[in-house]
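What follows is a set of notes on a single structure, which appears directly below.
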Amino acid sequence: MLAFAVAVGTLQMTVVVPLLPGLEEKLQAPSTTVSWTLTAGLLSGAVSIPLLARLGDMYGRRTTSLVALGMLVAGSILSAVAGTLPLLIVGRVLQGTAAPLLPLAMGLVRQVVPGHRLPSAIGVLSATIGVGSGGGMILAGVLDGNHRAVFWALAGLAVLSFVLVAVVVREAPARGSGRPDLAGAVLVAVWLVCLLLAISKGATWGWISPLTLGLFVVAVAVAAVWVATARRTASPLIEIPMLLHRGTVGATVASFLLGFALFATITTVSAVAQGALGASVLQVGIYLLPTTVLMLVVSVLAGPLMRRFTASALVAGGSVLVTAATLWLAVSRSSGVDLYGAATLLGLGIGLGYAALGTMAVEHVEPAKTAAAGGVNALVRVVGSSVAGAVGAAVLSSGGAGWTFGVAAGAALLAALFSAFHGNLSRKELA
């Protein structure tokens, strides 16, 4: 039931991707503006992950998961009835609060699942991100790119998930106290919005225009205030030392880069397929079907694989496969064969990487810090996806699909290198 809820929560992250070209036409807005229907949901998720994770510690993860699913229902209904772009973006912000379902589910699983079954359970939960991502593309295609029908369907799935979690999943004892860091959430939201707005609109406004440079300056300044505030807060939104902890930095960077590579790839594949190849929204989902199917298959195999290989080795291997997929598309993307072949490699790579990232994030930290490490890892993955949406919109608006795939390949290769670095660490070195 938890895996199904996580998959439904993940649908909202990608269901809008194949809808973007149609929304540009319906709303008469440029791609760099319409892309915020994607970026807003991802950004909301990035802020919600640590905030709702904290609420889960305080009030119970099952209860908090139900709140997140309720927000997903409300956001889906609002998106379905929205007649303007600003209202649609508000709906997407509400939908984005479902992103914490993964770390909430992982925390609940760690409390109730026996230790010997934990790697397999975490692997399945992690891989549902990819399954949900691919499922969002398929859902949009089956409903022929009708964004209202898509969001109504998502609302129905969210209601079903809410009922199943409420009836089947039992609550584990809440272990936290204190209060959530609302000020930290606002500061993180402000600097991320400024940064992503500057990235997505830089090509349109001019990279050295006062507005673009001003947004970059504000982003840096607010980020600095957030870091200083977080260091003085008893229960900060994000534990800053955990971002730089020697035992987690490799996993943190790899998670950010793989999140970036996945979303940069699928958004650009959608644009290329519908543009250069004249594909329908359904055909886009079919092109990416190998990615969805293989991520599900690999998630099943992740548990046995992690008994033979380290999590960092699996993430590194998966990152290499993602590098191969994106390089393929950077060089050749003129036929369905190219898209199917690259989607196959992408599914294998992301399946391996995502299934093992949850374990990789906590394998070199003391038990008391595993929740914080897992939360940071989930957060940076969504931030990477958000940056990919903004970067992809900026590059594609200049007609640079090949460059987008090239940047994604570089990100995946760096993820492999950081994973290898992480794998060389030992508990003795970290002592």
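The backbone N, Cα and C atoms fix where each Cβ goes, and this holds for glycine too.
These numbers come from a predicted model, not from an experiment.
Mean pLDDT for the domain 'Major facilitator superfamily (MFS) profile' (1-427) in this predicted model: 85. Annotation comment: TrEMBL describes 1-427 as domain 'Major facilitator superfamily (MFS) profile'.
The transmembrane segment feature in TrEMBL is assigned to 34-53 (among others).
Per TrEMBL, transmembrane segment is recorded for 65-83 (among others).
As annotated by TrEMBL, transmembrane segment applies to 121-143 (among others).
As annotated by TrEMBL, transmembrane segment applies to 149-169 (among others). Using a Cβ-Cβ cut-off under 8 Å and counting only residues 6 or more beyond its ends in the same chain, the transmembrane segment (149-169) has close neighbours at 1-2, 4-5, 8-9, 11-12, 15, 19, 62, 65-66, 69-70, 72-73, 76-77, 79-80, 91, 95, 98, 108, 139-140, 143.
TrEMBL lists 181-199 (among others) with the feature transmembrane segment.
Within its own chain, the transmembrane segment (205-228) is flanked in space by residues 184, 187-188, 190-192, 194-195, 197-198, 240, which lie at least six positions past its ends and keep a Cβ under 8 Å from the stretch. Taken from TrEMBL, the feature transmembrane segment applies to 205-228 (among others).
Sequence-distant neighbours of the transmembrane segment (249-272) (same chain, 6+ residues past either end, Cβ-Cβ under 8 Å): 14, 17-18, 20-21, 38, 42, 130, 133, 137, 243, 284, 287-288, 291, 312, 315, 318-319, 322, 325-326, 329, 333, 339, 342-343, 346, 350, 353-354, 357, 360-361, 373, 376-378, 380-385, 387-389, 391-392, 396, 401, 404-405, 407-409, 411-412, 414-416, 418-419, 421-423, 425. Annotation comment: TrEMBL describes 249-272 (among others) as transmembrane segment.
Per TrEMBL, the feature transmembrane segment maps to 284-302 (among others).
If you look up TrEMBL, you'll see 309-331 (among others) marked as transmembrane segment.
Under the heading transmembrane segment, TrEMBL lists 337-357 (among others).
Look at TrEMBL and you will find 402-421 (among others) tagged as transmembrane segment.
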Chain residues outside the transmembrane segment (65-83) and at least six past its termini with a C-beta under 8 angstroms from it: 2, 5, 8-9, 12, 48, 52, 55-56, 90-98, 100-101, 104-105, 108, 147-148, 151-152, 154-155, 158-159, 161-162, 165-166, 169
Stretch among 34-53, 181-199, 309-331, 337-357 sharing the most Cβ pairs under 8 Å with the transmembrane segment (402-421): 309-331
Range from 34-53, 284-302, 337-357 with the greatest count of C-beta pairs under 8 A to the transmembrane segment (181-199): 34-53
Maximum Cβ pairs under 8 Å to the transmembrane segment (284-302) - stretch from the list 34-53, 309-331, 337-357: 337-357
